Amino acid sequence: MSLARLAPQPHLSVLDMQGVLPRPGLHVPATPPCSSLICSAVALEPDGSLPLVSACLLGYRWMKRPGRRSLQRIATLQVATVATPPRIDPQIAATFSQTFFFLPFTAMQPIIPLLVAQKFQLSAELWGAVCAAEGLAKILCAMPVAALLSSWGRKPVLVLSFICFGFSMTALAHNGTILGLLGAKLLVGAAVLAQNSGMQLFLTDISSSENKSRVMAPVLMAEKLSSMIGPLIGGKLIQVFGATAAMTQLAIITFFLGFVNQGMLKETKPRQENQENLSPNDSPKSAKKPSEGKLKQLLQDVRVKEAVIFSAFYWGIMASTLYCLVPLMLTQVFGLGALAFSVVLAATNLLCFLCAKPAAEWSDRWGRKAVLVPGMVLVGIATVLLPGVPKVATSQSSEILLLTLLLGALAVGQGLVGPALPTIFTDGLAPSLQVKSLSLLRISTEVGAVTLSLAMCYLVGSSGFGLPLVAAGVAALFAAARFSIKYQA
């Protein structure tokens, strides 16, 4: 046989007579006949070196002599398949991915007001429109992102979120028009939506109903940890480089982290999702379009409908109170300065961070309602009692104590609800329906946040902090009672 016909195979290497060095993609008999030793040697040698071929020829001729049959049986070439080099555990990779995304996102928060103040003279209405653009983008992009997750898979969308986020920060740093500012905030909203939706599906793919909350808990903990560290990084970058240069550096870091994300994550989209997306008369191209029938089917499911209502109430209350009214009340009513407010915010995030892991274990062991209902009740009670602190407290120390207890209860409630809330949108659903169901989670989250935030801000302007906070607390207690009665696992 001509040696030229035996093309070198770069994924193979020379094997000794007794060792086993398996390689990916190679399957040969475990004990090939000795007559194939020459061909194996030539094929196994990447550079086709002549000394190796000569040695194999001599060895072959020597073993073909009479009396060498025992040696021929011993001299077998064992080749097997080698496992692919070990990858990062998917849960660890997801945790790093969420940290890589939300560290720049939270670091950006103290930079944006300075950039806006330096480049624009915005009224309160225009600034409100700029802030609302991010939520609007999440509502408008929920279904398109769900379609991309169904057709492309999880990993491409998670990488795309980093790219969009990097471009949005570049636009925020270097644009000089209000339309450009609005466009950048829209792109931020789309990037955050893609990251959250893709990550929730990624975690759903690698988990089961028995451990889903525990799989999601480390990612939520990483997000909370990023919210504590990110603003400190952003403030330091502003101090050293200025607002524009700081935002530009965050954009460069985000692009680099997106490249790291590409190599770290693996695709987890289940094969049956493609099969379930296709009916016998459908083509793969038609399966990429969102199915209105599936959305109606989901909304007719009592569990999904109650999950949508609960999510809208929860995120609407959290956005309007913890992220809007409570900061204003702490600074205007209780007189906290910037440093004290930062300490309070970090403490609540730390408490929520510590509650996530045990809450996830309770959710998987005792069911979703066992943590969602108590968490929402804590949020409701703390919100209702918060306006009464200045009236009940008799001294500054008692006021601080009551405020600490109520904010702690609010943080614990948030920590209880966080790991379990996404799971009620996917429990018991086929993979093809989980994508649409999680898109309903994102839509209900943003609709509730925008609607209740606008309503609470209107009430604050007309009646002060007391009525809006009490109304939000009562709404939380109502949502907890409704979910406890109507949701059936």
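Start at 1 and count along the chain as shown; that gives each residue its number.
Heads up, the Cβ atoms here are built off N, Cα and C, so glycines get one too.
Automatic prediction, not curation, is the source of TrEMBL annotations.
Keep in mind the model is a prediction, meaning the values are calculated, not measured.
Feature annotations, courtesy of TrEMBL:
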DOMAIN    90-489  domain 'Major facilitator superfamily (MFS) profile'
TRANSMEM  100-120  transmembrane segment
TRANSMEM  126-149  transmembrane segment
TRANSMEM  156-173  transmembrane segment
TRANSMEM  240-260  transmembrane segment
REGION    270-292  region 'Disordered'
COMPBIAS  275-284  compositional bias 'Polar residues'
TRANSMEM  307-330  transmembrane segment
TRANSMEM  336-356  transmembrane segment
TRANSMEM  368-388  transmembrane segment
TRANSMEM  400-422  transmembrane segment
TRANSMEM  443-461  transmembrane segment
TRANSMEM  467-485  transmembrane segment
Long-range CB partners for the transmembrane segment (467-485) (under 8 A, at least six residues beyond its ends), listed in sequence order, are 306, 309-310, 313-314, 316-317, 320-321, 325, 329, 369, 372-373, 376-377, 379-387, 452, 456, 459-460
Cβ under 8 Å to the transmembrane segment (126-149), counting only same-chain residues 6 or more beyond its ends: which ones?
116, 156-157, 160, 178, 181-182, 185-190, 192-194, 197-198, 201, 269, 288-290, 435-436, 438-440, 442-443, 445-447, 449-450
What else in the chain is close to the transmembrane segment (400-422), if you only count residues 6 or more beyond its ends and a Cβ gap under 8 Å?
200, 203-204, 213-214, 216-217, 220, 310-311, 314, 318, 321-322, 326, 330, 334, 344, 347-349, 351-356, 359-360, 363, 368, 371-372, 374-379, 381-383, 385-386, 389, 392-393, 438, 441
